[in-house]
Amino acid sequence: MSDKTILRALRGEVLPTPPVWMMRQAGRYLPEYRATRAQAGDFLSLCYNSELAAEVTLQPIRRYGFDAAILFADILLLPQALGVDLWFETGEGPRMSTTTTPAELAALKGRDDIHDTLAPIYETVRILRRELPSETTLIGFAGAPWTVATYMIAGRGTRDQGPAHALKATDRATFAGIIDRLTEATIEYLAKQVEAGAEVVKLFDSWAGSLKGQDFEDFAVAPTARIIAELKARFPGLPVIAFPREAGEGYVGFAKKTGADCVAIDNSVSAEWAAANVQKDGCVQGNLDPRHMVTGGDALVEATRAVVRAFSKGPHIFNLGHGITPDADPENVALMVETIRKG
Ligand SMILES: Cc1c2[nH]c(c1CCC(=O)O)Cc1[nH]c(c(CCC(=O)O)c1C)Cc1[nH]c(c(CCC(=O)O)c1C)Cc1[nH]c(c(C)c1CCC(=O)O)C2
């Protein structure tokens, strides 16, 4: 069995020092990322340029020696592979052609027709498995169906996922059809990442927190459980991290209900609460407030130590509660890593 620290934590081992990586660790806060992105032209061109995508994935590993690298790509590449138009408005974020009618749902490509578009992503994974240090774990990922659907239905990011909730209320069949098609395509997408060399996969459900009650069970828990069951049937022992962001009480029992090996925790709940209520069932990842990467100083050191301490009695992978922001100072990241490793 591999002795990579991330894989050990995912098997439930309690390590003296938690392994660490960061969401959005390859990103605009790093000058070397901005340079490579400029070389590629734009963000999407960078995602589909396997050599340059591998290069930006490696940059934070060289700088900080993180225990995991996460494939450089985006959760919105899968809908693009299903035939949706996708572009990024500078300074604003993603824009897509909308999928809200039975005809638009029917026009999406089949789950086996996504790989032509996504082949460069699988090539990035293969390059990374060759080039990463032997102690670094490679994480592949996809968006969870609900979160990806919120973008497909609205055609953009939204504060409250209003358009997706509205479609769920007015045309449940089409809404559920979008979730099903995404669930099936996500299984095939992640399976190809694993075949190419991803050692762990992570499902990002960034908008899980806006699903309440039975909707949370039907559209956050159930699709995640289905994806994990199918992947584990095809790849026995494959570790899976699930991130139902801002799920609150929904974090409790999420690993058991979905089969996830690790639940990633955002910073809207305290580490103490998550240790008592979520880590009791297995590995957790998280949950330092990403603002500390901007503000730094003693508060960063104290908050980092507090997260390590709160999760020290169970399996834990140190991470931020959400992605690092472009205004972060790279020196603060170094201080966080040093604090975790040197105490
Ligand atoms: C919702 C979502 C998206 N993408 C993702 C999510 C889920 C996680 C989360 O909640 O943050 C996931 C994602 N996006 C990216 C990765 C790569 C791996 C990593 O370093 O974490 C991952 C795992 C690169 C990216 N994805 C994006 C960037 C910035 C692009 C740039 O260089 O301009 C990066 C590095 C763009 C993106 N992509 C998306 C948005 C809303 C945006 C615009 C907002 C922003 O600019 O931060 C969709």
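Even glycines carry a Cβ here, placed using N, Cα and C.
Since we're looking at a predicted model, the values are computed, not measured.
All protein chains included, D74 (site 'Transition state stabilizer') registers 19 other Cβ atoms within 10 Å of its own Cβ. Marked as substrate binding site by TrEMBL: R24, Q25, A26, G27, R28, D74, Y151, S206, H322.
Annotation comment: TrEMBL describes 19-28 (among others) as domain 'Uroporphyrinogen decarboxylase (URO-D)'. Long-range Cβ contacts of the domain 'Uroporphyrinogen decarboxylase (URO-D)' (19-28) within its own chain (Cβ-Cβ under 8 Å, at least 6 residues beyond either end) map to 5-6, 8-9, 34, 37, 56-57, 59-60, 64, 66-70, 72, 139, 317-320, 322-326, 333, 336-337, 340-341.
According to TrEMBL, the domain 'Uroporphyrinogen decarboxylase (URO-D)' annotation covers 139-155 (among others). When the domain 'Uroporphyrinogen decarboxylase (URO-D)' (139-155) is classified with DSSP, helix, strand and coil residues number 10 helix, 5 strand, 2 coil.
Annotation note: D74 (site 'Transition state stabilizer') sits in a coil segment as assigned by DSSP. Annotation comment: TrEMBL describes D74 as site 'Transition state stabilizer'.
Under a cutoff of 8 A between CB atoms, and with a sequence separation of 6+ in the same chain, the neighbours of R28 (substrate binding site) are R34, R37, P326.
In this view, R24 (substrate binding site) is surrounded by 19 other Cβ atoms within 10 Å of its Cβ, with every protein chain counted. Listed binding-site residues: A26, Y151, H322. The one with the lowest count of other Cβ atoms within 10 Å of its Cβ is H322. Cα to Cα, D74 (site 'Transition state stabilizer') and R24 (substrate binding site) are separated by 10 Å. Applying DSSP to the domain 'Uroporphyrinogen decarboxylase (URO-D)' (19-28) sorts its residues as follows: 0 helix, 1 strand, 9 coil.
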